[in-house]
């Protein structure tokens, strides 16, 4: 490719080599850049020969420009190079790349304007439509194309998916290309649900608009004819400008790009939002010691996009920070690549760097370079070795701090603290040893920064207990338990290297907890030695072994064996580390804490500790001391006012004790959590796996940190015996057992931790429920166990241990109460107790065991056992077993004698579910894929209503099994049901409440399900017709039931202790008893009709059971319901017959009036039921029979929760006329009027009329020109009304008025034929809506509701004034149990016989005779020795 040098002539080449790559930079363009550019062009399939001319360069730039926004850094570099080359060809003088890009942009703008001018002059009608909302039409006018739904959809999708991550900004910029302010507001409206983000955006836009107004003051005097006014800040934001004005400004000559300006403001706001959602700074992005370079680069660029900086600054960040913040291993490689390395080269070079594998390779290489393996090494061998020097000031290699040109870094170069220089620094290597032990005579120094780091949940650390020959526990005892969090430590983000003193020489050595021995590089040590061979990563090396050698590490001494030989690095091994008391500590967990809050308005628990026995106090002190050492709890002082009781119980079948904290009070006060897992996993859903392991996470909750701000609320106190000393106070640092938030936070944290492992190993199945883990794979057992170890290490890195004790490697596996075998599963063995007498608690436990067993043992029944538990009984109450329950229990014992197993799920086969009827409303089912190999079994015995039939129960059972199958396997089974298709069809077609059931087939398993009787669809010709009715008096409970027939027969019976519903059923029973084999029955009871139409064959009601018996005996029965009895003679007669002396009000009288009212006003059913005292079913029937009310169904009247003074206004159009609608948001009350024109004058007049009738505080409108006019603003100012608009100035939607517009139009449609003019119909519709439709809050009409809201508001304000006055009083009171006066408490309410007070957070009612009310005169009232102050101190 050397031929590419011909691109430039000699003179041009000179110019080329004078142009700088960056403004103010040292590097300049060279020939190699042209060669590189030609190679890159070939990669992109562009002819490199185009570089030789300016026209060719222009074509290349045109090709590359669209890719700049989405392209890589290489494309940007190529574009910059070609742009500079174009300037050299065109003989345009430029000093650097930036100038060249500016010149190119200038030229492009000129050519664009020229092209537009030419197009305008020639009236070019065939112009291709650009992707901008403003285009030129055939007449040459600039018209607006609204932003497309597709664009809006893309914008909503990116916000929902990315949640304001940095990618949102370029996406918004691309989608909003050329948009008008109105389009931009539409885009913001679509994501208006993100209230916090929109509020921030609104503030930014307000600031920018104010700044625009400040920089562009309004010119004095009138605007010249033909000229446009200059836009204000609010015009640019689209609030006070029309679309035509916006188009005018954007297409004017010269143009004012209001769209681009507004877009820039929005992007500024989006930047702030992104910073809020992605708070990490680019300076904080550092590569972890074992983090792959690729992951680090991803994080780096993601954060870089969120930075608010120019492209130049971002380029500089990429060049410097990317390398600078890499870990030491990657940094060495990146520096070796040189400054001009591409990202691709960097990622290739750093592939596989980091972690133990990399360490092994480095050590192997280092050891292979050690040529001399002689036992004795001469000093001369080290003469020419030069150590690389590194500057303390700037951190660069090659010079020392004395010669450094960089500005001097503040403070000490060693420890980073200000106030001293490095030569005076008393710090040792990373404060490695405890100061009070390293320097016993000296004064211990502060460890503030180290302590902070020790408590940090994100650090890994190596910690030392400095001691002589004490054990760690003894040392801890000597220091009175102060060990835990005051230990110095060194984090493992860098290699733990310390300075050691051995044989009078100072050396640097690596602390290696993985090395058994201490190995030092060649040096002379006193005493005898013996030769030895030791194995290293690179093979075996010969060393000299010296025994009893004294080593001093930072002033602390240890004596042990030291090996001397050709090691690439000095290593202090475990033989000396154990003497020093060095421990490798895993912090609690480096995962992020989940923020937790108390419920609004609540404070933490303040429950007193109850007395404990001496034994329990000792146990608790012991447990808490151990927990404190482990960092699970910390001591707190008296400044923490919260407390929760603590106690201890003995563990089951053990002498060990267990600490329990009664968190009931804290649980009441803690926010609610969404339970991450909605149920437990089931073994039938497990796929058969070749290898399986079950793990248990040890101390699960104690491995997850608790939110720091919430810890104070978990405080508890261990009391002392006889109050000898103040109690010891602790608070939790981790998730406590028994606290309501622990399960949800633990499960969420565990899921996050397992996510990367699941992604890396998609073939491994991990079922996670709390601390139980089931891991299955199809790997060979050896590979599987390797993966298990990887998983255990992965969990360990996050602070979760998996104890060997609960690590199950071989089957059967005990998991979640199940027993898992390689090809089958069962429940863990179940033993039913043998008892002579059964208590309520015993039966509850028995039912629980049987329910658990029923998932694999088919045929288990518990209905009769459950009947024993009906009613409220004490747990210890003895219950005799009924004969049925005895029999049921005996059957269950027989079933459980034979062990039954389930098989595992095979995704390639279909699921089949088979149901059998067991009688007495009990059903059993099996789910399988192959016959006789059940996945799981179960039972169903629930009666959803008092009256049911087998078909209905069968449907409910099928739906239960379907739901269960979807949860376990994610699909529905095919059903085999004991019911014939004809029976099912006969019931299903008539019974409208039957819901969907999946695919099924008939299986002839007795007993079959059948319908015992069927109701006729049409009246039976020739059969006697019975008009039945019943009535009861609510007070006396006396009633009558009877019938009248079309053949003149009649009968009435008197009833006692009855209800209206019972009498109606009794009447039907009479009719059935006294009729032949065929009968027509007419009733006015919707209740009775509902029961019988469902064709029940069993019922808990004796009366309904008797009716069922009668129905089964009949050949044909027709049952009808008549809502309006008038006109049906039989019904009128029977009404008079049964209601004599019984009914107080007959609802039938109101039906006619209600129907008349509905024909006029089309009132909804609630209004009619309320006004005419009708039963809801009758009122609904009247609405249902009205053809005009069935067009769009019943309107929903849900209310928006808003303050009483807010109204929404909008204009809607009907029949070519304009209707101005105002809605009172809180009540739904409407004011509407037909206005002659949509002008500011008419709108202002309407608003003033509205303000004269109702208290209007705020009006909320859209950005229509009539609402934004100065006339309306003046009217609002005069009436003291605040005006609000849509986004961005107020994110509240126009939803209420929009829905009311539709509702109003619907009502107008119902009454339009009653009025000649539309304005009359509008007022009729307003009247109907406000006073004839009830529903929503309080069941009122809108008119009643607005009056109620305003009245309540006035009362509340008055009450508030009184409350404010009453709160100035304090109350001293006496409890009934204690003679001492308590207080002072706050007075909340004062009644005739009692007062309501608030003492701390408790609200109490105290009788007046036990309360003294005084005015709050301030603190001086309570003297030092007054009763109140003494009480507080206690």
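Glycine is no exception: its Cβ is also placed from the backbone N, Cα and C atoms.
Binding of Mg(2+) 3 is attributed by Swiss-Prot to 1210, 1298, and within the candidate set 1262, 1313 the record adds 1262 to that site. Checking the ranges 950-966, 967-983, 984-1000 against Swiss-Prot, the motif 'Tryptophan repeat motif' annotation falls on 984-1000. The feature region 'Interaction with human PPIA/CYPA and NUP153', as given by Swiss-Prot for the ranges 189-227, 228-266, sits at 189-227.
Beyond the region 'Interaction with host CALM1' (8-43), the same-chain residues lying 6 or more positions past its ends with a Cβ under 8 Å from any Cβ of the stretch are 1-2, 50-51, 60, 74, 78, 81-82, 84-85, 88-89, 94-100, 312, 315. For residue 512 (active site, for protease activity), the Cβ neighbour count at a 10 Å cut-off comes to 19, with all displayed protein chains included. Residue counts for the domain 'Peptidase A2' (507-576) under DSSP, split into helix (H, G, I), strand (E, B) and coil, are 3 helix, 41 strand, 26 coil. When the region 'Interaction with Gp41' (7-31) is classified with DSSP, helix, strand and coil residues number 9 helix, 2 strand, 14 coil.
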